[in-house]
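Report on the structure given below.
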């Protein structure tokens, strides 16, 4: 047995990348790893930055998958949407795990750099707002934090001009022969829709005969799966913030924990949750 160090080149691995695309080139790691610029000497500021930057990367993928799922549902090509929505659920499972890393930072450690954040706050996240709007939580007041970036406002307005993910699911429900009341005549998508007894009755019919309406049933369960993970993400956000800053005002001027708790009251797909009581 040779004691020489293992050399991957002996098995054909390329070791010289001059003039060729390497792993770092493909992922543009020089730019990615140069994007962390702490404003203080505090040890934990790098953790804070990376936590939020990686969350934004995962949200970028979530938006990609949600939009693709919506397009598939709109074309009655429902099966691929199942995979996409399952992936979004896994993304939020990953994001939930990230809170555990941030929670290793104590209140004392956070105070060492909090003043460097200025008025920046997570509720100003363009991608998070995009996800909320795509899912149907369309609070138009939340356009205002992006008004200083007209191009971002235009992208959010473009999302508001089209049906949400749940709207696309309801349109599919109607195309499959179910009566969905006023939701069937909607043409203005900008606001948050109201809960509907007709929609609840339609989904209840699906759940009472899942074999007959398997695609609709599976789609509904994928939506519930996703909202379940999304709720956990919101809850973990609340508890992490309370653990680190208590009930202080948020850096963006919100009421901090109290603001985040209000978000826990929002239900994205209300009929899919309420129908369970009557089955």
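From the backbone N, Cα and C atoms, a Cβ is placed for every residue, glycine too.
What Swiss-Prot lists as substrate binding site is 48, 49, 50, 51, 52, 110, 114, 251, and the listing cites sequence analysis. Cβ-based neighbour count (10 Å, all protein chains) for residue 49 (substrate binding site) stands at 16.
All protein chains considered, the CB of residue 237 (heme binding site) has 19 other CB atoms within 10 Å. According to DSSP, residue 237 (heme binding site) sits within a helical segment. Here Swiss-Prot flags 237 as heme binding site.
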